[in-house]
Amino acid sequence: MVAVSTATASDDEDERVSELLSLQSRSKSGVIRLNDQSLARYITSVKPPRPYSILLFFDAAQLHDKAELRLTELRNEFSIVASSFISNNPSSGGKLFFCDMEFKESQLSFSQFGVNALPHIRLIGPNMGLKDSQPMDQGDFSRLAESMAEFVESKTKLSVGPIHRPPLFSRNQLILIAVVLLFWIPFFVKKLLAGQTLLHDPKLWLAGSVFVYFFSVSGAMHNIIRKMPMFLVDRNDPSKLVFFYQGSGMQLGAEGFAVGFLYTVVGLLLAFMTHGLVRISNVSVQRVVMIFALLVSFLAVKQVVYLDNWKTGYGIHGFWPSSWN
């Protein structure tokens with residue numbers, strides 16, 4: 001009887017693994033969609049140890065428009081990790097499955113896992129139940145697919161392997177671009193030798209220098225690297241948007257652009273006074289324009305100092321020379 005019972009349990013496990021492999025093969029990215037019923041079949045109704053682990057991504061379609069959650073981006077990165085693992089480990093099929101759940105389809109499962117905030121990823125190991133499954137730390141989402149792969153490798157001892165991201169351009173697109181370039185190069189060389197390209201236009205270089213200046217002082221590189229949102233939704237009033245975040249640990253895109261705009265105004269006024277205003281022969285006009293430029297620059301710098309003080313709590317104070325006292 002014991003042997004028959006063991007054989008039956010083994011057959012049931014093999015059947016479930018085969019079903020999961022079949023669902024995985026039918027998915028374009030290798031991610032299996034679970035719901036309350038399928039979760040019960042593959043997790044809660046199977047006595048541990050199970051022959052497989054499940055990495056589960058919790059999703060909610062109604063929150064995809066919340067830019068600060070980045071659910072769509074994280075779901076795409078999760079698919080990249082899944083497809084990379086499958087392609088890098090053909091012999092490890094059946095040991096780890098990548099699955100996702102949608103809130104409207106699986107509200108009971110969300111409550112059983114105790115998930116009350118997104119994004120959320122959990123690993124359900126062979127000896128784990130729903131409550132003791134291991135959640136991925138919220139701070140690890142910043143590195144996207146790479147951090148997900150590290151989480152899998154540290155918890156399952158399985159190697160994900162290199163991450164295979166889809167190419168930026170398809171093969172047909174690359175062929176089309178190459179054909180266009182072959183036809184365009186002779187015309188470009190002719191214009192270049194004649195000095196009639198945009199590269200010979202000083203206005204382009206002026207606009208480019210202003211853009212580089214604005215890009216550097218607005219913190220745009222910080223926003224790109226950290227993938228900071230332009231604004232947040234007010235938690236106390238969802239109908240309001242927060243463009244300026246009070247606290248030194250975070251900078252929104254909008255506040256960086258606002259400060260960058262003020263810095264750029266000061267820089268352009270200074271450039272105009274040193275290169276354009278000196279060409280005006282009328283001294284009265286020079287004085288009026290200079291006073292106006294200095295006043296605007298003073299107000300802009302004062303606003304930047306005020307924002308810095310409000311955001312960080314640090315004050316900036318001016319001091320008169322001691323000889324003036």
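Backbone N, Cα and C atoms are what each Cβ position is placed from, and that goes for glycine too.
Under the heading transmembrane segment, TrEMBL lists 174-193 (among others).
Under 8 Å from some Cβ of the transmembrane segment (205-225) lie the Cβ atoms of residues 251, 253, 256-257, 259-261, 263-264, 267-268, all in the same chain and six or more residues away from its ends. TrEMBL lists 205-225 (among others) with the feature transmembrane segment.
The annotation transmembrane segment is assigned in TrEMBL to 257-278 (among others).
Per TrEMBL, transmembrane segment is recorded for 284-301 (among others).
Here the transmembrane segment (257-278) has long-range neighbours at 210, 213-215, 217-220, 243-244, 286, 289-290, 293, 296-297, 300-301, 303-304, 307, meaning same-chain residues at least 6 beyond its ends whose C-beta is under 8 angstroms from one of its own.
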